[in-house]
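Undergrad: The following block contains the structure, expressed as structure tokens.
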Amino acid sequence: MVVLGGMLGTALRAQLEGAFAAPAGEWPWVTFVINLVGSFVLGALLEVLSRTGADAGWRRAVRIGLGTGVIGGFTTYSTFIVETALLVRDGHAGTGAVYAVVSLVLGLLSATTGFVVGAAVTPATTSSPAARTTPTEPRDRAEGER
């Protein structure tokens with residue numbers, strides 16, 4: 001399942017990279033957008049799955065096939081690193097440094113946004129790990145207690 005999903009995700013990424021490749025020395029927009037979209041989708045997917053129950057059965061199959069396979073094949077850490085190194089090597093160190101930092105920061109924000117959106121659209125079931133978290137707000141107190 002991972003292999004088939006990975007093949008699909010990789011093929012989609014390759015098509016996008018081929019159709020919209022940036023010239024040498026310019027910001028690698030295709031990889032940048034692919035990684036941000038993939039981070040968001042993976043965050044949302046994992047949050048939805050964790051809120052609907054245990055990581056077993058169909059949820060595990062979806063996580064492995066779609067999350068690890070398709071999204072893992074679609075996104076690309078290795079291309080991000082190679083593109084950063086090529087920017088630096090070709091005399092665009094500033095662009096390479098900004099690309100690296102912005103990619104990592106926005107990737108984290110994209111994944112976090114995915115978690116938030118996944119939580120907003122999926123109520124936690126009583127059997128899900130998300131439903132068993134400790135509340136962050138203090139419990140109601142009787143009048144006069146501090």
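Counting starts with 1 at the first residue shown.
Cβ from N, Cα, C; glycine included.
Unlike curated records, TrEMBL annotations are generated automatically.
Here the structure is a predicted model, which means the values were calculated and not measured.
According to TrEMBL, the record shows the following:
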type     : residues : note
COMPBIAS : 126-136  : compositional bias 'Low complexity'
COMPBIAS : 137-146  : compositional bias 'Basic and acidic residues'
REGION   : 126-146  : region 'Disordered'
TRANSMEM : 31-49    : transmembrane segment
TRANSMEM : 61-82    : transmembrane segment
TRANSMEM : 97-122   : transmembrane segment
Undergrad: Which sequence-distant residues neighbour the transmembrane segment (97-122)? Criterion: at least 6 residues beyond either end, Cβ under 8 Å.
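TA: Distal contacts: 27-28, 32, 35-37, 39-48, 51-52, 80, 83-84, 87-88, 130.
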Undergrad: How about long-range neighbours of the transmembrane segment (31-49): same chain, 6 or more residues beyond its ends, C-beta under 8 Å?
TA: 13, 16-17, 55, 59, 62-63, 66-67, 71, 74-77, 79-80, 83, 99, 102-103, 106-108, 110-119, 121-122, 130
